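Among the features that TrEMBL reports, transmembrane segment is placed at 15-35, 88-106, 147-168, 188-219, 240-263, 312-330, 351-373, 379-400, 407-423, 443-461, 482-501, 921-940.
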Amino acid sequence: MTELGNSKKQYQKSVLWLLLLITIGILIIYFQFLFKGTPYLFWTSGSDTRDSYLMKYSGIVNKIVSGDTALWDFHSGMGSNVLMSQSIVFDPYAIILYVGGIIGGIQTIPFLLVIMTVLKIYGAGLTCYLFLTALKIEEAPKIFASIMYAFCGFLTLWGQHYFFGAYFTLMPLLLWTLEKSFTESRYLIGVSIFTAISCISAVYFAYMALIVDFIYVLLRFVIRNEKVCWKLFLKQVLPMILAVMIGILVSAVILLPVVYGMLTQSTRLGTSESLADKLANAEYYYDLKTTILRMFSNNMLGVENNLALSAANYYTMPCLFFSLLFLLVFPQYIAGLLRKKDFLKNKAARIIGAAAIALLILSPAISIILNGFAEASSRVFYCVLPFFAVFSAVGLQSILKEKRLNVWLLLGTSIAGVMVFLYTYNRVIVNGPMAEEAWFKEFLIADTVVFIAMAFLLWRLGKKSKGSLKAGPWWKAHGHQLLTACLMILLMGNVIADSYITNNKRDLGTQEALDRLYSEDIEQVIAEIEKNDNSFFRMEKDFTDVSYYKEAEAQQYYGVSSYSSLGSNSSLAFYQNIWPEIAIGEGRVSLYERIAMQNPFRESLAGVKYILSRNDDLENEFYQRAAQAGEVTAYRNILTDGIGTFHSCGTFIRPEDIQSKSLLEQLVLLGAGTVVSDSSLSEEAFLDADQFLEDHVERLPPDEVIAEEGIWTYGDILIEENSFPGMIQAVAQDNDTSIVLEINQDIWEGNPGKNLYCSFSIGSMESNELQVCYTLQNGNKSYETYKTHYFPQYNRDVIIEIPYKTQSVTFTAIQPFGEQGLGRFQLKKFAFAYIEETPTAKGCGEVFFEKPAKDNRVTGSAVVDKAGIVSAAIPCEKGWRVYVDGEEQETIPVNYGFSGVLIQPGAHEIEFRYETPMLKLGAIVSGIGIGCFVLFYWLYVRKKTIIEDDHDKE
């Protein structure tokens with residue numbers, strides 16, 4: 001029955017059935033999260049939920065409650081443009097988190113996250129049904145396809161990355177309004193509205209969706225019209241294009257600032273590789289076999305980190321599971337296209353559409369284009385899933401109603417599917433990572449049985465003869481409905497089981513961890529510090545409870561750790577050149593907890609003044625106890641006064657003068673001055689770096705410090721010449737855990753007061769920590785521990801001070817949680833030097849910045865005796881302006897990524913203000929877009945609608 005022939009009652013009945021089925025699935029899949037209090041957080045792969053999104057939503061609620069509506073946020077890393085988190089902040093479903101968080105506190109957000117996910121599943125199912133209704137598809141196939149879409153693998157897995165799920169509602173709505181606009185002009189209003197919402201919600205996803213939607217409109221234009229001509233194109237398609245453009249204009253207030261930030265300030269698109277080379281060399285992190293297997297199940301290759309075949313993780317592998325029924329029906333859809341009596345152009349258009357989807361899935365180059373020219377990623381596959389629903393619905397309609405079934409194709413598909421299951425059983429269970437998981441074996445067997453049963457039911461439903469059901473009269477009358485119901489039961493069992501495993505057979509978060517995150521001890525310590533210190537400073541922790549990178553947003557302190565795929569170029573420049581050990585990967589991630597309290601000087605350059613710890617015995621010469629509440633103790637870094645410092649002219653350092661120096665020499669130079677990237681300053685303003693180092697640093701060749709044959713391990717040792725002259729590297733072989741460095745004792749003679757520093761780099765280390773043990777001549781020992789990166793491919797640079805009369809230094813790799821065994825690791829680029837005194841960040845002058853009431857305005861003062869630069873650890877990004885005594889001055893980049901201003905001797909008031917770049921222009925363009933929307937409606941849509949209504953009455 002077509003859409004025109006359906007009564008309102010039939011629609012309501014179908015929607016109620018759809019809602020009932022979705023509700024049953026949700027109650028089973030998310031039962032422990034909805035009713036048992038289990039937090040909807042994942043501790044291994046998929047940890048973005050706890051590491052980023054939970055923290056970001058908590059931070060937004062905190063800002064709203066505090067009255068800080070500024071579009072800059074110092075709680076996120078070194079500071080970030082709030083709009084660069086657009087897809088989190090403006091997720092339409094996030095309103096439930098904001099309202100719930102404001103009313104019930106941020107402690108309610110972990111529970112509300114699963115509510116938001118549930119609502120997205122309902123939204124996906126209902127909007128898919130709406131879209132399929134516009135295509136005039138029968139009720140039963142629509143319900144089947146909508147269930148597949150609502151519980152598809154992408155939504156229940158990637159959708160756990162919460163903002164990804166919103167587009168499973170928005171894209172069908174866009175497609176629905178576009179389809180309806182072919183015949184009813186009033187729906188052009190919806191095209192503009194949903195385009196605007198899509199662009200405001202996430203430029204990233206809107207970009208993908210609009211490209212795919214445009215191709216859809218072109219193909220539908222060809223299929224719908226018996227004859228295709230430019231006049232008809234201008235009549236039908238051009239108004240849709242105008243409606244989309246108006247929607248984009250309306251969204252400009254958000255769209256322009258976000259696009260500008262992505263192009264000018266973000267690390268995401270930064271690359272030295274040309275676009276042509278990137279497309280030519282494009283490749284996925286997985287192979288075709290992985291793609292095929294993951295269409296059978298999200299869990300076909302295992303769960304979490306127990307994966308076979310692929311270098312990609314549980315998330316980044318293709319999430320193309322759309323039910324086992326889809327795999328049986330899709331070949332029937334293609335066969336139907338080929339045998340259908342239709343215009344050649346219509347057949348060609350449908351085949352081109354299916355081929356385009358296959359190309360999108362299989363071509364990494366197409367993936368790069370849709371992924372904003374960043375990298376090939378399976379996340380773009382969400383664009384094809386509404387069309388999977390179309391294929392499923394049309395294919396089922398041809399089987400259930402038209403009785404068109406290619407039996408031999410069904411048999412071939414069934415045999416191929418069973419072979420895939422047998423291959424998986426052997427690869428993943430018998431000889432793979434899930435061998436010890438009995439439940440996975442049962443799941444795989446059940447899936448195989450369901451697949452065969454579905455094929456059998458399709459065969460029975462597709463048979464033209466109705467007399468084959470040899471039951472009584474009741475069965476003859478209702479046999480088709482019963483078989484259809486059985487098929488629905490199998491479909492529900494299939495998608496529910498797969499999604500249940502995806503969400504429940506995982507390393508889940510605990511309420512205890514959340515309780516520690518929202519600990520009153522932490523709140524009290526922060527409150528006590530802020531009561532006694534009103535300066536603008538940064539604070540960090542040497543522990544984590546829920547998020548490794550962003551707990552500052554939930555606990556409302558200014559930190560440095562951050563996690564974002566749209567990291568700031570300014571922060572990245574500071575990390576790469578001055579504090580490289582805090583950055584992970586390409587600098588999109590910074591993690592203080594890994595290097596806690598190991599470099600007070602670098603911490604001072606970033607404005608880190610206090611460290612929170614659950615260890616109450618960490619006081620030393622650089623860290624003094626500042627506050628304590630319960631199990632949490634705060635230590636103050638004595639080298640840090642706040643985010644501001646002053647350096648007089650004559651102490652500025654050119655970037656090229658410091659970049660060519662060793663790690664130790666860089667440390668000394670940074671203690672004497674600040675890096676200034678401004679060539680317009682006079683020659684006298686800059687430090688003579690070479691002369692300064694000659695006066696303050698005595699370099700020692702490694703062979704003078706290390707005794708003969710002085711580097712060895714408890715096993716074999718490999719000593720190699722490094723590419724740097726005079727430097728060596730020590731490599732521990734497989735399963736060795738220690739490297740011992742024997743010190744030449746002659747170096748201590750005649751040097752009783754000098755500090756011996758050693759720098760080296762840790763490479764290819766798989767453990768979490770490196771313990772350094774100093775053994776003195778008298779046998780006494782002291783220990784230090786250096787935490788390393790999670791990812792062994794990234795080096796970790798370390799500077800240690802070797803105590804006077806040390807006999808040997810032992811470097812020991814410590815495995816986490818008592819694990820045994822260790823792959824080879826390296827200590828390389830050893831360098832040694834005597835330094836006259838420990839560097840400090842102190843300049844000549846007093847600088848004070850107070851804690852900002854709103855993050856877009858930082859005020860302070862400076863009293864100095866000489867001309868120089870006041871620097872603030874504020875990212876030097878577009879939008880920040882600096883004022884001295886009320887007059888705007890030029891912002892000077894300092895320390896590669898921070899902001900500075902040149903001042904003269906005297907007392908000055910200094911203010912940094914942030915205005916989001918392109919926001920004002922975007923607001924103007926949005927105003928124009930709203931005006932265009934009104935005009936478009938009154939001058940075209942309304943007129944056309946009246947004509948169409950009059951035509952319908954006739």
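Each Cβ is built from the backbone N, Cα and C atoms, and glycine gets one as well.
TrEMBL labels come from automatic prediction, so no person has curated them.
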Proximity verdict for the transmembrane segment (482-501) and the transmembrane segment (240-263), three or more C-beta pairs under 8 Å: no
Contact call for the transmembrane segment (443-461) and the transmembrane segment (921-940): at least 3 Cβ pairs under 8 Å, seq gap 6+: no
Top Cβ-contact partner of the transmembrane segment (15-35) among 88-106, 147-168, 188-219, 351-373, 407-423 (pairs under 8 Å): 147-168
Whether the transmembrane segment (351-373) meets the transmembrane segment (188-219): three or more C-beta pairs under 8 angstroms: yes
Beyond the flanks of the transmembrane segment (379-400) by 6 or more, those residues with Cβ under 8 Å of it: 128, 131-132, 135, 137-138, 140-142, 144-146, 148-149, 152, 154, 158, 164, 167-168, 171-172, 175, 205, 208-209, 212, 216, 316, 318-320, 322-323, 325-326, 329-330, 332-333, 336, 353-354, 357, 360-361, 367, 370-371, 458, 461-462, 480, 484
Sequence-remote partners of the transmembrane segment (240-263) [C-beta within less than 8 Å, at least six residues beyond its ends]: 81, 83-84, 86, 90, 178, 181, 188-189, 191-200, 203, 210, 217, 269, 372, 566, 878, 916-919, 921-923, 925-926, 928-930, 932-933, 936
The transmembrane segment (188-219) and the transmembrane segment (407-423) contact flag, 3+ Cβ pairs under 8 angstroms: no
Residue numbers, six or more beyond the limits of the transmembrane segment (407-423), whose CB comes under 8 Å of its CB atoms: 292-293, 296, 324, 327-328, 331-332, 335, 444, 447-448, 451-452, 455, 458-459, 462
